[in-house]
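To start, the structure itself, in structure tokens.
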Amino acid sequence: MLDVNFFDELRIGLATADDIRQWSHGEVKKPETINYRTLKPEKDGLFCEKIFGPQRDWECYCGKYKRVRFKGIICERCGVEVTRSKVRRERMGHIELAASVTHIWYFKGVPSRLGYLLDLAPKDLEKIIYFASYVVTSVDAEARHRDLATIENEILAEKRQSENSRDSEIEKRAGKLEADLAELEAEGAKADVRRKVKEGGEREMRQIRDRAQREIDRLDEVLDTFRKLEPKQLVTDELLYRELRDRFGEYFTGGMGAEAIKALVQNMDLDAEAESLRETIRTGKGQRKIRALKRLKVVAAFLNTRNSPLGMVLDCVPVIPPDLRPMVQLDGGRFATSDLNDLYRRVINRNNRLKRLIDLGAPEIIVNNEKRMLQEAVDALFDNGRRGRPVTGPGNRPLKSLSDMLKGKQGRFRQNLLGKRVDYSGRSVIVVGPKLKLHQCGLPKQMALELFKPFVMKRLVDLNHAQNIKSAKRMVERQRPVVWDVLEEVIGEHPVLLNRAPTLHRLGIQAFEPQLVEGKAIQIHPLVCTAFNADFDGDQMAVHVPLSAEAQAEARILMLSSNNILKPADGKPVTMPTQDMIIGLYHLTHRTSGERGEGRAFSSDAEARMAFDNGELHLQAPVKIRLRGLVGVETGPGAESWTAPEGWVEGDPITVETTLGRVLFNEALPPGYRFVNYEIRKGQLSAIVNDLAERFPKVALAATLDGLKEAGFHWATWSGVTIGMEDVLAPPRKREVLDRYEKEADRIDKQYQRGLMTAEERRGELIEIWTKATNEVAKEMDTALPQENPLWKMINSGARGNLLQLRQIAAIRGLVANPKGEIIPRPIKASYREGLSVLEYFISTHGARKGLADTALRTADSGYLTRRLVDVSQDVIIREEDCGTDRAIPMQVGQQTGEAGSLVVHEHAETSVHARTLADDIKGPDGTVVAERGADINSILVDRIVAAGVESVRVRSVLTCESKLGVCGACYGRSLPTGKTVDVGEAVGIIAAQSIGEPGTQLTMRTFHTGGVAGEDITQGLPRVQEIFEARIPKGKAPIADTPGRVRLEDGERSRKIIVVPDDGSDEIVYDKISKRVRLLANDGDHVEVGEKLTVGTIDPHELLRILGPRAVQVHLTQEVQEVYRSQGVLIHDKHIEIIIRQMLKRVTVIDSGSTEFLPGVLVDRALFESENRRLVSEGGEPAAGRPVLMGITKASLATDSWLSAASFQETTRVLTDAAIHARSDSLIGLKENVIIGKLIPAGTGISKYRNVRVEPTEEAKAKVYSMTGYPETDYGFGPASGQAVPLDDFDFGSYR
């Protein structure tokens, strides 16, 4: 087998019959599989050992040769080669067909490639292939022209002869009729008898006349058809074709079936065809030009490649290796077999029958029928169900053909090449491990022993506990006590990977140091649950063991959970104390007046703790404590900031008014962090962790998080927070409030009954009334709840729940929606604490069910979106440090605020400007340089820029990056998950796709009706994101001005027209069929600028691209996506969205090909287009003209240069058909293609830059070595290199560790 590391490209092409025979190890002649008695393969059958290799290692069929010493011998008795049985996975056979057949992919695919090549309609092609019509394959026009006069004379003579015989026959019959009539008259027959005889005679004469006329017409038709006979002409009348063949067989050839197609293809002159098509494109218009372009693509593909178009017609069919289509014996003696065996059997049966019929000299009609059946059998083998009804197996199930083996989620690409099951892995239920450190996980002993079995066995032998591997294995299986000690030693410092499905982003797989635990559940650190989105209600996780030293190093350095604290989407910490820990820290830092020990002063924190231990001081009592080693005091958001006493220096002792709890809280924070002297809730904690992440090393951050976790759990236990029925306090004035609003509602109902308002108005009024009522009851509840209430504590601290949920439990359920999503104007007045009535319960179930259904749909949709995003961006990798471009994009850093117009940091600066590279120097008003070009923008720099009064800066962006492949580090900016400059080799495309796809599930599904505009749908949430990335024309699209000008409105009967009168006096632009319901943004007489929206609605990005160009579209799409995510409170950095948009705008449509090889109308990569044009201009040629195109992500994925990647994405057969015809070569640049062929992916340390590192000793080191004495003088000689891979099985590398 070929070693995957020895090639850089993979080409796909059309296999000719010679190729297939070359691959084959023998012809399969019989449809038999295995003998039912001996269970051994039948000779020359589908499992024949002679063709495909032996079933048992080193053993021939008849048993003459057994053992490895006969390796390579071919048995003279049974003809089987003595070799390994695994060759049955790679050796192919073939079936020699008795008649040619066409390949269904090329004939039936859309568009039909055979049809384009031969210029035949698919309908006609089908008639020819399936023996319904004859086709003329060649005409000897010269001979026909030469002999036409003779032939016409012959036909004329025949016609005359026919006319003469007709005349003589009629004359004879007329004479007989006269004689008969005369005889009857003489006999005195009745008039009606005479009439009947006369009519009979005349009818016979008419028939003679008609017969002769038909004969003459047929001769005319034959001559006429012959005169006009052209190659590729169809003759559907069989009798006509036979007569043509019998009379003029030497002037033309023709036939039906695949043989005729083969003859047509052989007779084609591709060069002449291509030239004539190019001429048509130059001169033609409309449909003719479009068809010529499409045909030229196919013709040029065969001209420019080594492909022969004859590959589309098969003379022999390859048979894939038997172990890839196995036959397995089931219990009870029956066999389960792959569907392919049935399909091959059909082909072989029909082929053998056809051979026999041909040998017997059967009539043409029978042979043709058998040929058609053979064609259908081969079609079913290649792509069952593509044409006609699929071939079915038992239970009417369509059989899986070769195409089905590749297609879809269960196909070869997605099931076995992109996702494989791996060894050294296990899975189990997870439980919380509150005692673990951030970088640890608890691994069940039994599981660890199984996973690390080889390591344990080797170590047992090393330590002389076992003599050899075999006895070590026995020791492990019997679980001897010494085994556990060795296991403990082996797993120390050996990280394992934990993964929880679904792995939505890179934090779904992290590395941990395993700690052996009892039981069978994996223990997880509580802080990593957010990243895995794990909880302990029965979730399971998988464990994988990295084996090689490199894999272990990567796991430890890159994937360890303590190094994955920041979220790739926005660079914020994801490892946050949650729930119990927040309650604990809230309790710890809460301040309560009037508690024991309030107002006392302590000389040190130790003294205060002693007072607490003795029961003289309450944790939350305000006291004064003298603290040492402080760098400052943080008083929290909204409070007056702390001012240091005069003369105080950092580190000096200082007395602070605080609580003991806050002192204990600060002990968890790293030294050198300001003293936190305020109540800790979720938001404040998040800000602290954010701050720590920016200012302290990862080690300190991990230790702090562990400290916070410990403190949180400990004090949560101490706080004794519980919920009882008594804690759910109903608002005392609830009844009174509801009665008041009930009267209001009655008043509205009465007005409606009197006809004073419409049903719609009544509904609106009622909803408004009950919304007010609900809010008022909720307010009542807020005031009634005491601060000590545990529910209030949970909500106030941000640990769990919100006021809306509490309102439903304790106060009032409020208004609910029906299944359509409309609000029911009658509220549920009860709370869950009081209990709902039957009707209330019934109407409240609607919303709950819809919620569950929505969530299920959303999850599937979101997963599919992520898959498409990954596919489109998978080859965007950081390829170089800096592409050196001067291009950049302007971005807002600050925004004006208030009346004074002071400049503050822009609200979205964190997700737009942060983590980017400055493109220019930033100068303040006085001309001093505030920030230099190439600086990394962080929050400190942003503050400095805004303080200097600068509102907008130019930054580098992936949208303007000029790297040929992927993007460069400078244009990408800082890596968000690491907080450092991005490394060359980082797979930023996949990170971008994950960052956008992962929060997809949180986005709402619904497209809802806005209150103001009745019936106008606004797409929101996930469907809107899909609409943007698929570049679809949006629902409710708004027209935009093509040119600056004045607006004129014209109202029609049902719709209105907007007319823009351009400023430059050119023709007016009319936008018609605009609904009267749509709100206008430009009124009569207004002046509009180019690209301005004329009505309310969504802009069509394709229009925007046409009018304002790519930059406007990039800004628009980024803003639109961000709008959806921000509405749900999800933060995603712009750069992730920009990477996807860059991929969507990567192609250019060629309008005029100039002197280039590009065909007009084809999509070309922008970089290739520009470099080709530059080359032509430098050589004095005419450059091509093109137009940028916005492609949806699905289309962009399928248009990628890598056919492997596209085929594994969607429409597998179409992609492979196209790639084979164009003999596409995949240069294995992206990640998917390398995963598919089993190479190391070119990202991270797998990128060639890092793979080709050589260690060069310095000159001093060399001199030092050369000056060393005591080395024997030796000359090493090497034999000539073979250039082949060395089989690693033959070498002993000793220890792997």
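Even glycines carry a Cβ here, placed using N, Cα and C.
Residues or ranges marked as Zn(2+) 1 binding site by Swiss-Prot: Cys60, Cys62, Cys75, Cys78. Per Swiss-Prot, Mg(2+) binding site is recorded for Asp535, Asp537, Asp539. The annotation Zn(2+) 2 binding site is assigned in Swiss-Prot to Cys883, Cys961, Cys968, Cys971.
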Output, ordered by sequence, the same-chain residues six or more apart from Cys883 (Zn(2+) 2 binding site) with a CB under 8 Å from its CB, or 'none'. Cys961, Glu962, Ser963, Val967, Cys968, Ala970, Cys971
DSSP secondary structure for Cys971 (Zn(2+) 2 binding site), reduced to helix/strand/coil, please. helix
What whole-number Å value do you get for the CA-CA distance of Asp539 (Mg(2+) binding site) and Cys60 (Zn(2+) 1 binding site)? 51
Where among the binding-site residues Cys62, Cys968 do you find the Cβ with the fewest other Cβ atoms within 10 Å? Cys62
Across all the protein chains here, work out how many other Cβ atoms are within 10 Å of the Cβ of Cys961 (Zn(2+) 2 binding site). 24
Work through the binding-site residues one by one (Asp535, Asp537, Asp539) and point out the residue whose CB has the fewest other CB atoms within 10 angstroms. Asp537
In the structure shown, which of the binding-site residues Cys60, Cys75, Cys78 has the fewest Cβ neighbours within 10 Å? Cys78
If you draw a 10 Å sphere around the Cβ of Cys971 (Zn(2+) 2 binding site), how many other Cβ atoms fall inside it, taking every protein chain shown into account? 29
Once Cys60, Cys62, Cys75, Cys78 are set aside, which residues in the chain still have Cβ within 8 Å of the Cβ centroid of the Zn(2+) 1 site? Tyr61, Gly63, Lys64, Tyr65, Glu76, Arg77, Gly79, Val80
Of the binding-site residues listed here (Cys60, Cys62, Cys75, Cys78), which is spatially closest to Asp535 (Mg(2+) binding site) when Cα positions are compared? Cys60
Neighbours of Cys883, Cys961, Cys968, Cys971 excl. site residues, C-beta within 8 Å of centre, Zn(2+) 2: Glu880, Asp882, Thr885, Arg956, Val958, Thr960, Glu962, Ser963, Val967, Gly969, Ala970, Tyr972
Can you grab the distance from Cys62 (Zn(2+) 1 binding site) over to Asp537 (Mg(2+) binding site)? Cα atoms, rounded to a whole Å. 59
To the nearest whole angstrom, what is the C-alpha distance linking Cys60 (Zn(2+) 1 binding site) and Asp537 (Mg(2+) binding site)? 56
Note on Mg(2+): the CB centroid of Asp535, Asp537, Asp539 has further same-chain residues inside 8 Å, namely Ile430, Ala534, Phe536, Gly538
As a whole number of Å, the Cα atom of Cys78 (Zn(2+) 1 binding site) is distant from the Cα atom of Asp537 (Mg(2+) binding site) by 62
Cα distance, Asp537 (Mg(2+) binding site) to Cys75 (Zn(2+) 1 binding site), nearest Å? 62
